[in-house]
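Below: the structure, in structure tokens.
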Amino acid sequence: LAANSIWLDACLQSANDGDMKMRVILVDDEEMATPTETPTKQDKCCEYTLDGSVDIKGRPAVKGKSGGWLAGGLILVNQGLATLAFFGVNVNLVLFLTRVLGQSNGDAANNVSKWTGTVYMFSLIGAFLSDSYWGRYKTCAIFQAIFVLGLALLSVSSRLYLITPEGCGMEHAPCGPHSGKELGIFYMALYMIAFGNGGYQPNIATFGSDQFDEEDPAEAHSKISFFSYFYLALNLGSLFSNTFLSYLEDEGRWALGFWASTAAAATALLLFLSGTIRYRYFQPGGNPIGRVSQVAFAACRNWKAAGASAGVVTLYEGDEKADAAGRKLLHTQGFSFLDRAAHVDTDCKLGVRDPWKLCTVTQVEEVKSILRLLPIWLCTILYSVVFTQMASLFVVQGAAMRRTTPFAGFSVPPSSMSAFDILTVAATIFLYRRAICPFLARLTGRPAGPTELQRMGLGLVVGALAMATAGTVEHFRKAGATAAMSSDLHIMWQVPQYSLIGVSEVMMYVGQLEFFNGQMPDGLKSFGSALCMMSMSLGNYFSDVIVSAVTRITTTRGRAGWIPADLNEGHLDKFYFLLAVLAVADFAVYLVCASRYGSGKVDGRSSDDEEEGTAGQVAGSPVAERMI
């Protein structure tokens, strides 16, 4: 109760006219505690966090002894090592399935697509457990342990059962057949990895941002920077796995590559646990599915609620809080149907509230915050379709180009060109945070620089430009074709399209992480991170749908189609241009959605702010509203 004023709301039934009246009692700090027991607001601001975070023992977190970049740095290193471990399996999984398990290219590609999609689907489970019951720290620790066990089982099973006879698993030395038991162990290990990594990923970014107090200006700036460095750590980890580990596995040293991934994941887990005393924590907010269901049911039940026609709507505010800091979500315009869930009949008597009949304003606003984000989220899916081409058609295109170098006997692997994307990501993050953002902040007067929505829009534009560039390169590659799947155009001409993808993903995915984390209520922040992963997953699925549809349409009447086995006979450039047009159309829709987006409002800590947010008439509202 110290350092903050609280509201005590009472609803009185009038015997004369039956109208609902409201009495607000403001209790000050001096009335709740003696001066000797209550620290001053200035002392508390200097010592404790203001966002409601606690330490490992559940006490208010002390700024100098918890969180900050020390805790955030541990999480960044953890993310880099965990990403290295995951991509150590993912990057060459298709080759493992074909060379070691003897699957066809088509079956192996489908199995990898299903496995990758499952990883992202499991992110919803991790987000649900984190937001509802376990909290982010416990969820990260448990799923990372499952991840390590899955990698260890994969390493052991590969060494003892799968890579037989010894020395097999190379391009021209496939392995022998395997029993159902051996394959069962392999797939159990593989999906343990998917379950562990999927459940861990949406929570670690949010847990890292929890280490910075958004109510402190300095730490709020660090919190924004954290997401950029988080994405940088992810890319640096994948860079190592795409080069060193990929080389080991391509040479047939599968068990060694898997053990290296296991060691990286185990080290990441130990580093994560080492910061237990230093971290800041937030308590889980309970099952969000139940809260959302209550709002939907109550809104339907109160469909014919009275009051709006009379010009007065009375909404029930209650004592439910939106976050650990004890703040409530204020009523906002839009989705007025849901407001009926918090509607109080003028002839009701408030006793024991049934949450399936009467919800709080905070509950209703939580549902509204999700609905507001959905149009923005849907617009990001098509960008993920563009981004997916880097790992598929860009590689196929590079394989049909001249790859020789001045170094004798060395040919550039098409898949290694993704290193230019990773290097561009690293350079873009550093340049944006150190030079571009400060310059734009001085130019616009906005300390944080461009908004998340502006950066996401820029990501869509640059992504479309990357597709147009790839189409142009393909046009000249095909013009210089010499034989089947070959051309005089050198593979280094792909560097611009990889670099543009790198710039666009920093703008889109980093902005998306910041935006979803900032707009979601505290009890749904992990779900917001899971939505980011889901957009990537759905981007993969929609890419398959678009490629299949284009292939079906363009291969009629005996034609080779746009994407045949021999690119010299097709029109891959037209497919790239098609994606560029779709990205531009998506950007146009995104502009409409972003311009209409309105974020929710959280009440402040001062009594003045609370009074303005709870008792007054809402600006622009056609009816007066009263909060009880």
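Quick reminder: no glycine exception, Cβ is built from N, Cα and C everywhere.
Any TrEMBL annotation is an automated prediction that lacks curation.
Listed in TrEMBL:
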TRANSMEM  69-97  transmembrane segment
TRANSMEM  117-134  transmembrane segment
TRANSMEM  141-163  transmembrane segment
TRANSMEM  183-200  transmembrane segment
TRANSMEM  229-248  transmembrane segment
TRANSMEM  254-273  transmembrane segment
TRANSMEM  373-395  transmembrane segment
TRANSMEM  415-432  transmembrane segment
TRANSMEM  575-593  transmembrane segment
REGION    600-628  region 'Disordered'
Top partner of the transmembrane segment (183-200) among 69-97, 415-432, 575-593 - counted as Cβ pairs under 8 Å:
69-97
Given pairs 6 or more apart, does the transmembrane segment (141-163) have at least three Cβ pairs under 8 Å with the transmembrane segment (254-273)?
yes
Top partner of the transmembrane segment (373-395) among 117-134, 229-248, 575-593 - counted as Cβ pairs under 8 Å:
575-593
Could you tell me what the rest of the chain brings near the transmembrane segment (69-97), counting residues at least six beyond its ends with Cβ under 8 Å?
103, 105, 107-109, 111-112, 115-116, 144, 147, 151, 154, 169, 190, 193, 197, 200, 204-205, 207-208, 211-212, 222, 226, 229-230, 233-234, 236-238, 240-242, 245-246, 249-250, 254, 257-258, 260-262, 264-265, 267-269, 271-272, 274-275, 278-280, 415
For the transmembrane segment (415-432), which recorded stretch in the set 117-134, 229-248, 575-593 gives the largest number of Cβ pairs separated by under 8 Å?
229-248
